[in-house]
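Participant: Quick paste from TrEMBL:
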TRANSMEM  39-62  transmembrane segment
TRANSMEM  74-94  transmembrane segment
TRANSMEM  106-125  transmembrane segment
TRANSMEM  131-153  transmembrane segment
TRANSMEM  165-183  transmembrane segment
TRANSMEM  195-213  transmembrane segment
TRANSMEM  238-256  transmembrane segment
TRANSMEM  268-292  transmembrane segment
TRANSMEM  304-324  transmembrane segment
TRANSMEM  336-360  transmembrane segment
TRANSMEM  372-399  transmembrane segment
TRANSMEM  411-429  transmembrane segment
Amino acid sequence: MTTTVVDLDKDLDLASFKFDDDYKGAWFFPKSKRKLTLFLVYMIGFSEGLLHLASLALYYMFKDDLSLSPSQLSAVYIVPSIPYLTRPVLAYITDSKPIFGTRRKHYLILLSLLQSFSFLSLAIFPPTLWGALLSLFFIQFSLAFCITIAEALVVENISKGDDNLSSFIGSRALASLLVSYYSGSLLETYSKERIFVITSMFPLLITFFSLFLHEDKAVIVYTSHPAKELIIFLKNPVIMYPALYVFVLVCGPDYFESLFYYITNELGYTATFMGTLRLVYGIAALSGILAHKYLYGSSGTRKILLWSTLIALPFYMSPALLTSGMNKSLGIPDKVLILCGGFLLEAIGELQILPILTYTSKIAPKGLEASVFAALMTVKSLGLAVSKIFTALLVYFMGITATDFSNLTNFILICGILSYSAIFVLKYIPSDDEMEVFVTQQMMAQQITNNP
């Protein structure tokens, strides 16, 4: 990798700001600059996780206030996925286009303020389809940008033997877990507008914590165009095939929106139960992250991905027992099937993604940290966008509506069968030894570049 780092603080004697001394009295912040940065990143992740408080309010707004069908709801959620498809561009901007002298800090401040205002707009203005889509777009745009920056900070501060990435994702999962139940129960007490107002306060946490982010006044000097270096790096099969696996894993159709209508309209479960379901999903996601931290390094990546894919399949199709009524003949209550199946599936889902993300975070070249990681996450986002399009078309042609669920069981089975296709890509994923060799080569190349 042909990049070098010029430290202006050192060369121009601008390091008059003593980081540790200035924060010695702040008992709630670590003294080490690296640890402080990671602490702030985790707080950013925690703040983002709190935004799940409004997730059910958004679903009910589209379902009840705007009277959208399941296929229309799937189509609507294509719009907020668009910003995630631009993450390499966003990452390139934050990597190479500083504002007010920083590559991360002021972007976080401005974007978190935009996110807060977008939530407020949902509460202030009467709900219309185009107004809601515009607000949702800006919410997800600012969220995608903030996450891209936070992940870049994680990669910049990663050290050998640490798994800071899963800790960052875990901070988001923990915050999501804390607000999941209340996302449903509050809907039975307060209006959706009030929930949007409450949620608009959470991005201001990012604004506050970003004020304490200290960046070295360093300039990344590229001997060739950074976009060219990024493309060359991403073409390596050691990167390309794991990205292909992530795409295939998530690009199939999904039955969540249709099942949401079935649970609320057909079975008559309240928003409180849907909040409980979100709570179970949050516990499961956190469990999957903890399982990854335990298994990472002790079990092969291919082995984890293979068994997680095989185990996930029957649980992914378990709602078919509910929609067909077979669970009653088996003596399984509806709520138990919904909660237990969702828990296991969510936990396994984390195990299917985290090994690839952790591996990628360790090999990002200096100066392209955000760009490399964002490129992989964009592959995932592209797969999710394809999934939403595929889902909307299938739901429409199978005649599934807000009141007609006669083909829902068949739709769930189709989703389950197609989700199995990821297993055929596993043979192309590099072995752990090949990954370690590539990681070592990248570290040596960066050392040679930085110390010519």
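Each Cβ is built from the backbone N, Cα and C atoms, and glycine gets one as well.
Help me see these features in their spatial surroundings.
Facilitator: Within its own chain, the transmembrane segment (39-62) is flanked in space by residues 29-30, 68, 73, 76, 108, 112, 119, 122, 127, 132, 136, 139, 143, 146-147, 150, 153-154, 157, 167-180, 182-184, 186-187, 192, 195-196, 198-199, 202-203, 205-206, 209-210, 212-213, 260, 271, 274-275, 278, 282, which lie at least six positions past its ends and keep a Cβ under 8 Å from the stretch.
Nonlocal intrachain contacts for the transmembrane segment (74-94), taken as residues 6+ away from its ends with a CB within less than 8 angstroms of a stretch CB, comprise 62, 68, 103-104, 107, 129, 133, 136-137, 139-141, 143-145, 148-149, 152, 226-227, 230, 257, 370-371, 373-375, 377-378, 381-382, 384-385, 388-389, 391-392, 395.
Outside the transmembrane segment (195-213), and at least 6 residues removed from its termini, the chain residues within Cβ reach (under 8 Å) are 23, 29, 36-37, 40, 43-44, 46-48, 50-51, 53-54, 57, 104-105, 108-109, 111-113, 115-117, 119-120, 122-123, 142, 146, 183, 186-187.
For the transmembrane segment (372-399), the residues of the chain that approach it from at least six positions outside its boundaries are 70-72, 74-75, 77-78, 81-82, 84-88, 90-91, 148, 151-152, 155, 230, 233-234, 239, 242-244, 246-255, 257-258, 353, 356-357, 360-361, 363-365, 406-407, 410-411, 414, judged by C-beta separation under 8 angstroms.
Counting only same-chain residues 6+ beyond the ends of the transmembrane segment (411-429), those with a CB under 8 A from a CB of the stretch are 237, 241-242, 244-245, 248-249, 252-255, 258-259, 301-302, 305-306, 309-310, 312-313, 316-317, 319-320, 323, 352, 394-395, 398, 400.
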Participant: At a C-beta cut-off of under 8 Å, are there same-chain residues at least 6 beyond the transmembrane segment (131-153) that contact it? List them, or none.
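Facilitator: For the transmembrane segment (131-153), the list is 37-38, 40-41, 44-45, 48, 51, 58, 61-62, 66, 76, 79-84, 86-87, 90-91, 94-95, 104, 107-108, 111-112, 114-115, 118-119, 121-122, 125, 165, 168, 203, 206, 361, 369-370, 373-374, 377.
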